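What follows is a short report on a single structure.
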């Protein structure tokens, strides 16, 4: 609405000619739009036809089971079948054998240790492990208590893979040269369809009461220092204590752990096992605290997002000036410290005070200097003092520049506060705007799932060839282990590159679509005088406008970003390939500079794209004209934009930290002091958590994700309000018929603000008199 404090006049001034929808002085087009950048949209459609062709080819030739089930010692893919032999791999039917067991894992790992070129981080080394397809992961004993053996069979037609038979079926039936049959000593566990010999741990928890025995009935089995430990069983020691030892005031807990593991292990195997138990412990704790993690990490984070929105609406000025004061204080303290270390401050009282705190420059330099003579020590101290002096001068200059900038930009800081408050009002008026990011996130998630599935089919479209390679140790023992390779031609590599670029372009396209829809809703809010006519869900109309008219513009802008991202990936690939050649420091520095430049370039293009999308959402123009107009608008208001951007970035960062920290604190209180008033469902099994670290980490990541989604909407609203404000000042400066709020109107230069939309206002009683 117009300013209520502006001078009322009974005769309306001639308003500026504005939007083509009949709204005077407004560049916003709610209708009367045309399709923009149609050629780019056609190119995007043609590109996606190529993506569809790749998908069809991949689904026809690909075998993603190779990634899921793995291959046995003959190159056969577990869980699949092949009716004919190919590339040395015989015909097979392993439909019911989906798991891959490693019956000679310890020996294979030992062989790898002897290989000086072995890289434990390379997943391709799993192909070097001797595998046998089985229907279920075998145990050391069968149901009757008899030991089990794994037979590495050439054909699965007449014999069982896992049985109690310790006698070979013959070299023509099974791989006796490799040592088949193999006895199973340790129960195996399925991990992604791989049967691993993970140590079997069994834990028994005990509890006992150690209260002093009463003199009347000294039953030492239930009291005293020698009382009996009781097995807590499945109910857990906490529940056992409450049920059977409720009167006890002091208890002791004990845990017995029994571990079964192979006798001969390798460092690689030990690392696998330790990592496995660590991961299992993490997920066990997460399972026990799943409901509290969801409550604190999602529900509390969403509520705190709205709390932060309210704080920004009513306390934006306080937070902004507090931020500025903290920055000034940090700079002054740093400058003072550097000046003291550089001996620019000679006050005796200051020196004596800091000396008591252990901050004497000479003392620190004397202690840390590795010198052998008094003269060298003096030279070292003087050199260090000189370095501190230079640093102090630099920070003094920085302090002066910052203070001058603050004095010069004081008015613009007030504008930043007003824009932040106006963005808070906009989100408060458009509450569904906060939930809208779920829509593009849903489409992006669906596309990424499709992309991963297609990539799995495409990556396994090559043929499998079987070759026989003799190991160093295997050659000495007469035991051979074949290896496998994927025959990939250049066409497959090009298709993978095409598919990768499709990921970058499509994800950026969907993200930009959501941004334009949100910007359009905020534009409609700003350029509408009577806010009550907007409704609660203008985001739907804005989303429709983006889909109906501006898909080509989105394809254009997202293509530019995708090309830069692809260039960064190519540079990273080149960097990995040239690691051995980067012993030269100059080459390494040059590569880092290239990476940094591309990263900065991508950030700049994304910033310009977002502002161009705001102009598109506002006026309905094409990408190039919108980019040009937004750039000129930003350039004309560089000081305002810079001030708002810096303050907004810091405030949003504080908001994310506030929401994440508060959510984690609530979960920590849930775990350490479970509220007894809540139902057991909301508490989970937090009383038996071993460590709260992993649940807190997951809660923090979840809360940070929710906060980022929420505050990104806030950032979009701020950027849109800022650009609309600049456009309002530009378009309506001559007539003074501004669309901005009363608070922003106070910062408009000149006397025009006194007549802002006076022709929309009724005359006041004073004027009528």
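Using the three backbone atoms N, Cα and C, a Cβ is placed for every residue, glycine included.
TrEMBL: automatically predicted annotations, no manual curation.
These numbers come from a predicted model, not from an experiment.
Copied over from TrEMBL, here are the features:
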REGION    1-31  region 'Disordered'
TRANSMEM  38-59  transmembrane segment
TRANSMEM  289-311  transmembrane segment
TRANSMEM  318-340  transmembrane segment
TRANSMEM  390-411  transmembrane segment
TRANSMEM  432-453  transmembrane segment
TRANSMEM  459-479  transmembrane segment
TRANSMEM  491-510  transmembrane segment
TRANSMEM  551-571  transmembrane segment
TRANSMEM  650-672  transmembrane segment
TRANSMEM  692-714  transmembrane segment
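Long-range neighbours of the transmembrane segment (390-411) within the same chain, counting only residues 6 or more positions beyond its ends whose Cβ lies under 8 Å from a Cβ of the stretch, are 324, 327-328, 331-332, 334-335, 338-339, 341-342, 344, 639, 643, 747. Packing against the transmembrane segment (318-340) from elsewhere in the chain are residues 311-312, 350-351, 354, 359, 361, 388, 391-392, 395-396, 398-399, 402-403, 406, 413, 416-417, 420, 647, 650-651, 654: each is 6 or more residues past its ends and has a CB under 8 Å from a CB in it. Using a cut-off of 8 Å between Cβ atoms, the transmembrane segment (551-571) and the transmembrane segment (491-510) share at least three residue pairs, counting only pairs 6 or more apart in sequence.
Taking Cβ pairs closer than 8 Å, the transmembrane segment (289-311) reaches residues 319, 424, 427-428, 434, 655, 658-660, 662-664, 666-667, 670-671, 681-686, 689, 692, 695, 698-703, 706-707, 710-711, 714 in its own chain, all 6 or more past its ends.
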